[in-house]
C-alpha cells in the first residue's frame, strides 16, 4: 500500500511537470486565456493573458495514475473517477463558453447547478442503493467517540451537500495564484491518512473509527491528487503561468467531496476544508446582507477579494490563507487522537 501510494504520487507529479510546459504553450498558442471581470480588483487585469483550463492536465494525471496503481475492481475507484471526469466535463463546458463569448459568466448558475446535482444524485443513488455498503448509513462525528447509526436519509442529504458544496466552494476560492490548490493538498492529505486507517481492520479498531473495506484504494487516488496538485502548483504559484479553470476547480472539489462521503467524513471536511467554507459563507452573507439592507458588508466577495481591495498584497494574502488551511488540517488530524 505505501509503495503504491508513493508511486501514485510520483506518477501524477511527473506527468504534471513533464507536460505542464507543453500545455501552457499550447493554450497560449490558441489564446485559451483567462477572462477577467471588469469590476474585479485592478491588479487582476495583469492576469488577463494567463492561460487557463490547466485542470485538464490535472484530471489526466490523476486518471493515469489511478488506472496504473489502483485495483480497478474496487467500486469506490469508479465512483470517484466518475465525479472527477463528470465534473471536469461540466467545468470544461463552462470554461469554453467563457472563452468563446469573451466574458466571465459561462454556464448560467441554474444550468451549472442542475448538471452538478444530477451527477451527484446518480452517484449517491449508486452508493446507497446499489453498492449498499453497511458503512454508508453511519456518520462519523469529529472529536466525539459516538457514531450515529441508521440515519440513511440524513446521510443522503449530507452526502449531496458535501459533493455539491465542495465543488462550488473550491470554485469560489480559486481566485488568486495558488490560493485553492494548496488547501486542496492539505485536505487531501488528511483524507488519505483517514482512508488508510479506515481500510485497515486493526488501525480502524485502534482509532475507534468505521472499518471501510473499499477505502484502501481511495488512499492511492488521494496520492494521485496530491501529486498532480503539487505539480500544478509549480506553474500556478505567484505569478501564475497557468490557471486551473472551472474544469479543475469543479472536478477537484467534487472529488474531495465524494471521497469524504465514501469515508463518512463529511462533517470533518467542513473543518479541514474550513477555508473553502469561509469563502463560500462570505458570498452567502454578502447576498443576504445586501437583500436586507441594500448595502454591502464586504467590498467584494469571495472574501479574499475584500482583503485585496483593502490593500493586502496578493502574496501575503495567499500565504496567510495557506497557513489557516494548514492549521485546519492539523486540527483534523487531532480528531484521530480524540477518537481513540
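Glycine residues also receive a Cβ, built from the backbone N, Cα and C atoms like all the rest.
Listed in Swiss-Prot:
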type	residues	note
TRANSMEM	5-25	transmembrane segment
TRANSMEM	50-70	transmembrane segment
TRANSMEM	73-93	transmembrane segment
TRANSMEM	113-133	transmembrane segment
TRANSMEM	147-167	transmembrane segment
TRANSMEM	178-198	transmembrane segment
TRANSMEM	218-238	transmembrane segment
TRANSMEM	242-262	transmembrane segment
TRANSMEM	267-287	transmembrane segment
TRANSMEM	318-338	transmembrane segment
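Here the transmembrane segment (242-262) has Cβ contacts under 8 Å with residues 20, 23-24, 27, 34, 47, 50-56, 58-59, 62, 76, 79-80, 83-88, 90-92, 94-95, 106, 116, 120, 123-124, 127, 159, 162-171, 173-174, 180-181, 184, 187-188, 191, 195, 212, 214-215, 218, 221-222, 225, 229, 232, 235-236, 268-269, 273, 276 of the same chain, all six or more residues outside its ends. Below 8 A, the CB atoms of the transmembrane segment (267-287) and the transmembrane segment (5-25) form no more than two pairs separated by six or more positions in the chain, fewer than 3 in all. The stretch in closest packing with the transmembrane segment (5-25), judged by the count of Cβ pairs under 8 Å and taken from 50-70, 113-133, 178-198, 218-238, is 218-238. Through the fold, the transmembrane segment (113-133) approaches residues 75, 79, 82-83, 86-87, 90, 107, 152, 155-156, 159-160, 163-164, 167-168, 212, 214, 250, 254, 258, 261-262 of its own chain, all at least 6 residues removed from its boundaries and within a Cβ separation under 8 Å. Counting same-chain residues at least six beyond the ends of the transmembrane segment (318-338), those with a Cβ under 8 angstroms from any Cβ of the stretch are 142-145, 176-179, 182-183, 186-187, 189-190, 193-194, 197, 207, 209, 238, 268, 271-275, 304.
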